[in-house]
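K.L.:
Annotations per TrEMBL:
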| type | residues | note |
| --- | --- | --- |
| DOMAIN | 310-503 | domain 'ABC transmembrane type-1' |
| TRANSMEM | 46-69 | transmembrane segment |
| TRANSMEM | 90-110 | transmembrane segment |
| TRANSMEM | 317-340 | transmembrane segment |
| TRANSMEM | 352-373 | transmembrane segment |
| TRANSMEM | 379-398 | transmembrane segment |
| TRANSMEM | 433-455 | transmembrane segment |
| TRANSMEM | 484-507 | transmembrane segment |
């Protein structure tokens, strides 16, 4: 409830808040839900406001409902105690809560935008603002002045110029997507005329570059065998036009093999102030000092990409679980409570709908929708179709529970006292069926994560602007020479599924009535 209030205040003032402002963030990504003809400003994230108000109402209702509750029932306390005794489930839940908290922090943890910038005595907060700061605001000139600045490069240039300016970055300063690294450079060691990579003589291509921050801008590239220059060497000017060529044999320049077509003399070209010889990795690049798990084939940092995939899973679950269980629990209780014709009609409808292959429906829709629509609504189209087919599984369990409970004396007493149907369903039947819901939720989350990963692996998943583990796994299998891609995706996916499964098993065991039954 407090989070909803803070999110509303922040959005009204055009200020981004991580976590609590998720509804507004999603709405601003979907242009359709920004159109508000009745609003004088033209555009308003009305869906975000609607969700925010709904969350506030639910929060206020929960506070009012539990304000007089000073302690839990003995059965609930025994279940909680039993859950804490199952250590793998308890610590798995703690781990998931920590991961969820980190995912909610969003751009504070991972992102390429600066959290705060101090320049010429003025402070700005680019990551927290919906307005995009231009490079000219920070004194940039030329092409970079008209667009958003590269804050990593900006911070470096200020340090080199020894300016009294400051850039505060997130904990990990690479965004999950839209922040491609063209190439990476790893240092090599020279001992005499021999070039070493670690303790072994280097084999392959190594280069001198104009700027270590942009190693794709090569100066001269040499081929090495057993640490010695051996083979063709090529050189480029600052505009990356090839101007130099030479041939080496066992570390020696072949006489007469040099050719140069650039400005000035060949001696001036070779004597340019460039970097030491480094190993330039084009994407996907292996793990390095700046990218601990390497980069993807698009040039995205793998740690950031994993974080973006975790966020996508949590966002989908936050929408999917309440909708699926809200629909499934309600319909299941109504089927069991009313029975008769209503029960038969809904059962036939479920039988028809359950025979439709949901995976193929998602694939067909993914191929049919226009690219622009998929780019804006791709994730929520998939979640929406999953909701349409996901609520049916629990209806029969809730129906069975309602059929059993409605014949008990306390339900008859409630009817005699004048309790309405909604009150009987919410105050009497639902609390006695809550163990079913709590037990099923972890396994529903596992199914959703696997579905998203499978669809992305097959190429029918969410748009490119989302980082997902399925796409990372597919990249890893397409680039078997880059084992860090498949390994990290597999480890992340399996770890999350294992954590959720451990929680589900612990909840199921804690809610097992046989644990608290004694027979003599």
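A Cβ is built for glycine as well, from the same backbone N, Cα and C atoms used for every other residue.
What TrEMBL says about a protein is an automatic prediction, not a curated fact.
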K.L.:
Determine which recorded stretch among 90-110, 317-340, 352-373, 433-455, 484-507 has the most C-beta pairs below 8 angstroms with the transmembrane segment (379-398).
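P.N.:
Most Cβ pairs under 8 Å with the transmembrane segment (379-398) come from 317-340.
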K.L.:
Establish whether the number of Cβ pairs under 8 Å between the transmembrane segment (484-507) and the transmembrane segment (317-340) reaches at least three, counting only pairs separated by 6 or more residues.
P.N.:
no
K.L.:
Quickly jot the same-chain residues contacting the transmembrane segment (317-340) by Cβ under 8 Å, restricted to those at least six beyond its ends, or write none.
P.N.:
22, 346-347, 380, 383, 386-387, 390-403, 406, 421, 424-425, 429-430, 433, 437, 440-441, 444-445, 448-449
